[in-house]
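To keep things clear, I will list the structure first and then write my remarks on it.
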Amino acid sequence: MAMAMAMRRAAALGARHILAASSTSSSGVLLRRHMSVDAGAAMEKVRAAGLLRTQGLIGGKWVDAYDGKTIEVQNPATGETLANVSCMGSKETSDAIASAHSTFYSWSKLTANERSKALRKWHDLIISHKEELALLMTLEQGKPMKEALVEVTYGASFIEYFAEEAKRIYGDIIPPTLSDRRLLVLKQPVGVVGAVTPWNFPLAMITRKVGPALACGCTVVVKPSEFTPLTALAAADLALQAGIPAGAINVVMGNAPEIGDALLQSTQVRKITFTGSTAVGKKLMAGSANTVKKVSLELGGNAPCIVFDDADIDVAIKGSLAAKFRNSGQTCVCANRILVQEGIYEKFASAFIKAVQSLKVGNGLEESTSQGPLINEAAVQKVEKFINDATSKGANIMLGGKRHSLGMSFYEPTVVGNVSNDMLLFREEVFGPVAPLVPFKTEEDAIRMANDTNAGLAAYIFTKSIPRSWRVSEALEYGLVGVNEGIISTEVAPFGGVKQSGLGREGSKYGMDEYLELKYICMGNLN
């Protein structure tokens, strides 16, 4: 019940609203008219490729919701309805779980090489449909097309990587304590996995979970965000085309509370993997306790970006800009607080503002766009709440600070100065295009300020000093640290946080362990 209430609140918060002001402004009307033409052509291209799916996937079959209900998938830039997809609930989820459970035994018995070949084919199909997937992603999520293309490649990289790692799931032989014994450790797939994924990276967050799960021999029930199900469904369609068997991947979307509760209550689901808010992650963790499921959680962040006075300013500007404004600030590893040493604060602020001014806000389908809309009206209202809180406590708006003239859920790239630790911008994740600048005096002050949070996902530091880079990296209470770099995620490195930013790791060889169980075998009386 608590889980259902939490997910209902999250769904209510994320409800899409169309701004009355934008519907009456001439610029808003022109924007929607222009984007409608682009969106129509893009959707037709996706449809022609056979990748526009609106039904759920259960046991290899595309099925409607059992009660016939649907939900709208909207373009966040225009409010237009892109498609109506099946609104599924507990019954459909239970059937998806049953399908995954029955398929698990045959899929897990395949050789690692056989699973690897199927995954490799899936990777190749994703790459061959790179443009269509990117178009779909831009339409339903809003990110610029160039970022969407990068995400397709990034998402596919997990499939490729884990296709190879499938053949490297090694056990152990332990030296015995008695001469007539042999001690072995096997690694075996955990079973059916429930994967709950977010809207900000609608492809990569699926492949980062489903790739290792399938490589290990697990089967999966995916619950994508109701805001971005089309990308997930297209990816699942390509998985079927690649020869991944019916039932190995199932996709259900719609009624988040019902789907979540069905996954948690099922004894056949042996693992939950989730990327999303800390609040919902805590509910999933608590709900998993009743059936003692294995849990992986990649939760919210509050990333500090520390710029020391010995940093290369150009490198720091470029890295901070990338760390902050990618996907319009809607990533869990976004620089949420930019801490700048007092000696270079004014110089950095001036150069940073100039760089932010160069960001082009607009239609994600246009080549020149570098900043798309926020996902919905609720996201804009959250940003406004944080800005109002900061200015009421003494912060000053150095750039932006208001809704964009394009209307809808567009927000101006914003820089806020003199932010202090009593402000929401310092304490919580804004998840929008707002860069708070915070001055600090010493290295010790920077470390203390950076660690003054319950979150611990990503952190960034900019310095020319190698000793300082080691000291600060080791002192920061974060799972990921970028040194003189603002984009650090890769399929070959472990991704995950500490403290209340999550449990477990995704990507890399360490990500495989999240989907495996250890089995110890003692063979006796061998003399």
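Cβ atoms here come from the backbone N, Cα and C positions, even for glycine.
According to Swiss-Prot, the transit peptide annotation covers 1-35, on the basis of sequence analysis.
Counting only same-chain residues at least 6 apart in sequence, those with a Cβ under 8 Å from the Cβ of ASN200 (site 'Transition state stabilizer') are GLN141, ASN327, GLN330, THR331, CYS332, ILE375. Marked as site 'Transition state stabilizer' by Swiss-Prot on the basis of similarity to another entry: ASN200.
If you look up Swiss-Prot, you'll see ARG208, ARG326, CYS332, SER489 marked as substrate binding site. All protein chains shown were included, and the count of other CB atoms within 10 Å of the CB of CYS332 (substrate binding site) stands at 27.
Swiss-Prot lists ARG208, LYS223, PRO224, SER225, GLU226, GLY276, SER277, THR278, ALA279, VAL280, GLY281 with the feature NAD(+) binding site.
Residues within less than 8 Å, Cβ to Cβ, of GLU298 (active site, proton acceptor) and separated from it by at least 6 positions along the same chain comprise PHE274, THR275, GLY276, CYS332, LEU457, PHE495, GLY496, GLY497, SER501, GLY502, GLY504, GLU506. The annotation active site, proton acceptor is assigned in Swiss-Prot to GLU298 on the grounds of sequence analysis.
Per Swiss-Prot, disulfide bond is recorded for CYS332-CYS334, and the stated evidence type is similarity to another entry. Secondary structure at CYS332 (substrate binding site), as computed by DSSP, is coil.
As annotated by Swiss-Prot, active site, nucleophile applies to CYS332, with the evidence given as sequence analysis.
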With DSSP assignments reduced to helix, strand and coil, which class does SER277 (NAD(+) binding site) get?
coil
What is the Cβ neighbour count of GLY281 (NAD(+) binding site) at a 10 Å cut-off, with all protein chains included?
25
Determine the Cβ neighbour count for SER277 (NAD(+) binding site): the number of other Cβ atoms within 10 Å of its Cβ.
18
Rounded to a whole angstrom, what is the C-alpha distance between CYS334 (disulfide bond) and ARG326 (substrate binding site)?
8
If you compare CA-to-CA distances from GLY281 (NAD(+) binding site) to each of the binding-site residues ARG208, ARG326, SER489, which comes out shortest?
ARG208
Rank the recorded positions ALA279, CYS334 by how many other Cβ atoms lie within 10 Å of each Cβ and give me the one with the fewest.
ALA279
Neighbour count (Cβ, 10 Å) for ARG326 (substrate binding site):
22
Which residues, sitting 6 or more apart from PRO224 (NAD(+) binding site) on the same chain, put a CB under 8 Å from its CB?
THR197, TRP199, PRO202, ILE206, THR231, ALA232, LEU233, VAL251, MET253
